[in-house]
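First comes the structure, then the notes that go with it.
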Amino acid sequence: MGRSRSSSANMWKYMNPSYYLKRPQRLALLFIAFVFATFFFWDRQTLVRDHQEEISKLHEEVMRLQDLLEELKNGRSIAGEKPNFSRSGDDVGKKMNFLDDPVDAQRREKVKDAMRHAWSSYEKYAWGHDELQPQTKNGVDSFGGLGATLIDSLDTLYIMGLDKQFQRAREWVANSLDFNKDYDASVFETTIRVVGGLLSAYDLSGDKLFLDKAQDIADRLLPAWNTPTGIPYNIINLSHGNPHNHRWTAGYSILADSASEQLEFIALSQRTGDPKYQQKVEKVILELSRNFPDDGLLPIHINPAGEEVEFVYSTITFGAMGDSFYEYLLKAWIQGNRTAAVGRYRKMWETSMQGLLSLVRRTSPSSFAYIGEKLGDLLNHKMDELACFAPGMLALGSSGYGPDKSQKFLSLAEELAWTCYNFYQSTPTKLAGENYSFGKSQDMTVGTSWNILRPETVESLFYLWRLTGNKTYQEWGWNIFQAFEKNSRIKSGYVGLKDVNTGVQDNMMQSFFLAETLKYLYLLYSPSSIIPLDEWVFNTEAHPIKIVTRNDRAMSSGAGRSSVGQQKLYRRPRSRREGRW
């Protein structure tokens, strides 16, 4: 007992601070021991945190590999698609590269992540609305509450293999999409976004729900074509009909808005067997062809209400209000599989391309090629970013010429693409303004300086990469994507810029950013087996529509009514598990 009390007393004396104050060396040793213990404990905690972060990263990688393994089990090589090794035709599809470049795969995944971010933000803050305002985190109905972003995104989600997101969108279309709205809708915008988006979703998935919905909205648009000339009015009430034109056009119809519905309505007739849609849109082309000018260039305003088609004195442009008319002349020819039945489209397009050459100028000192605008005999040295679809169009159409002309137009396409890329590179944010002007001894100056996430330049880069195999276009596209990531990505989505010089952001995520910009960027880093260009044609909202061979005589002779029955029978793609491609 005595030993125990003595040992206890000795132990407690070491706990007494006065013991160490009398012995400074021991106090110093205690302090050093305390410091070492603290550092040891802190280091262990840091190692634990690092270990947890590594485990989290490994978990994410395991999940990604599980998704990839599931895709491979389902017979899909990439992005939910099974390559088709037996395609025919003379398009670039024959030049397929079935080996996936690791850099392309990495970049494609980054673009896919951008789509996930944009889509999840839309789901969280604007579900069912037309577009998301990311800064204020709310939805707006820019197109009458038709779920424009959702429908515009269907095929992008499907192509990227985002199956769960696609299924949630499909359920909304099935249960909530209602076109019976007292709203004055744009015939053009509703056609390219809603009809085109639904038809593309049908062609990709084979789900008849999308075809039925496309026919519903198309039927509501059809009365717009009931004019003396067959040139449609550009606005129609979805519930009551009552077509009319904008007041600011003095009652005239706009060229692009009136003559850029061929792909969607021809496809709808092919898939439903009802010729009325095709007849309406092909009458427009027939009427325009009767007085088609020698240079193939049409002004942007047309009188739809006269005894015959009257072209109104107004601007000639490959930018806003003119662009997609020329695009659809080419693409309707491709959609019909380049047969004699659609020869009129190609003939008109080639005439218009000769006219385009008359608008091309080059700057000094850098010799940037650009497409000017024309009013009467005056050339305006201005080019919209919207006109940057033209390089892709020229490259796509060059294959229909003989060798010399083909090379001529392909070279011009590459020159114009370089100009459009420099629209981006010439600003502090590396994002392009809305339009540019060109003057003497001056290469280019940004005019309207906003950027609203437009896709036209990356669209052309996609076509040029597919058709030439030149990886330079992939590098340019990557630089543009990184500029979007740096300047436009915020926590709640993507926004445009009010000014590309200052980087001040706006409050709108345009639906075409998901439908077009991200889709073309994704395909820019995907093998050519994904949406091959000899099997699919993109509408002007980047919705891929299946090519169906046409053998009817409606657009070859210029006489007679369109006959869907004479076309090659449309067969829907097989379901996902059957292997679509």
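In case you wondered, yes, glycine gets a Cβ from its N, Cα and C as well.
If you take the C-beta of E189 (active site, proton donor) and look for same-chain residues 6 or more apart in sequence within under 8 angstroms, you find F143. What TrEMBL records for E189 (among others) is active site, proton donor.
Taken from TrEMBL, the feature active site applies to D323 (among others). Sequence-distant contacts of D323 (active site), defined by Cβ-Cβ distance under 8 angstroms and a gap of at least six in the same chain, are A256, T317, L386, A387, F389, A390, T540.
Under the heading active site, proton donor, TrEMBL lists E434 (among others). On its own chain, E434 (active site, proton donor) has D384, E385, G447, T448, S449, W450, N451, I452 as residues at least 6 apart in sequence with a Cβ closer than 8 Å to its own Cβ.
As annotated by TrEMBL, active site applies to E456 (among others). Summarising the environment of E456 (active site), the number of other Cβ atoms within 10 Å of its Cβ, over all protein chains shown, is 26.
Counting every protein chain shown, the Cβ of T540 (Ca(2+) binding site) has 26 other Cβ atoms within 10 Å. The Ca(2+) binding site annotation in TrEMBL covers T540.
According to TrEMBL, the feature coiled coil maps to 48-75.
Around the Cβ of C420 (disulfide bond), the same chain contributes E385, C388, P391, A432, E456, T457, S460, each under 8 angstroms and 6 or more positions distant in sequence. What TrEMBL records for C388-C420 is disulfide bond.
TrEMBL lists 554-581 with the feature region 'Disordered'.
Mean pLDDT, taken over the coiled coil (48-75), works out to 55 on the 0 to 100 scale. C388 (disulfide bond) is surrounded by 29 other CB atoms, counting those within 10 A of its CB over all protein chains shown.
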